[in-house]
C-alpha cells in the first residue's frame, strides 16, 4: 500500500513538472520543454520575423496547467539577448508591459495586445520581439516570437481573439507600465524604478495572491 501511494505521488509530481505552455500565434521561435525556463524558452537567436498588426493583434497560447499567471512584453532591439533588452528602447525610453498580468486555466487561451498604444515610437515596419512569461506554480517559463509590425495587417480569420483572457480574468496590472502596478509583484535585473519592470519574476506568488482575492478567471 505504501509503495502504491509512493508511486502515485511520484507520478503526480512528475506530471506536474512536465506541465508547460506553448505559444501558438504568433509562432514561437521553438519549443523544448526542458529549457522553457530559460530566456526566450532557450531559443536565444532571432528567427524569421512574422507580420503582426501594429495596432491590436491576437496572441494564442495553450496552457498545460490548471491555473497559471501570464504577462507579455516586447523588445525593440534587433537582437535581444537578455531581459534587459525588454526594459528600454535604444534611446532609453522605458517599454511598458504589452499586456495585463492575468490568469488562465488549462487549455487554449488568447488575448489581444496593442503595441502601437505603448507609445515607444513603433511604426509601420518596426521590428520587435514578443516574449510571453508564464508561471503555473513550478517556475517561470518563456516563449519568444520575432515580429515585423504592419499597419492595417489582418491576421488569419482563425487566429482572431474575441474571448480575451487578459480582460475577463480581472488582471492585476494594466499595460500602462506604472511602477506602482508592477513593483509589488515584480523585480528586475535593471535598477530602474519607474515604468514597466521586466523580467516580471515571482508570478507564482502573484498567482496565489490573485487566487485568494477570488478573481474571476477563464
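The backbone N, Cα and C atoms fix where each Cβ goes, glycine too.
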Q) If Swiss-Prot says 20, 65 bind Cu(2+), which of 114, 138, 140 does it name for the same site? A) 138
Q.
Need the DSSP three-state call for residue 40 (disulfide bond) to compare against my parser.
A. helix
Q) Counting across all protein chains shown, how many other Cβ atoms sit within 10 Å of the Cβ of residue 161 (disulfide bond)? A) 19
Q: Could you round the CA separation between residue 65 (Cu(2+) binding site) and residue 144 (disulfide bond) to a whole angstrom and send it over?
A: 19
Q: Would you mind pulling the DSSP three-state label for residue 110 (disulfide bond)?
A: strand
Q) If you measure residue 110 (disulfide bond) to residue 138 (Cu(2+) binding site) at Cα, how many Å is it? A) 22
(Q) So among 40, 144, 161, all listed as disulfide-bonded residues, which is physically nearest to residue 138 (Cu(2+) binding site)? Use the C-alpha atoms. (A) 40
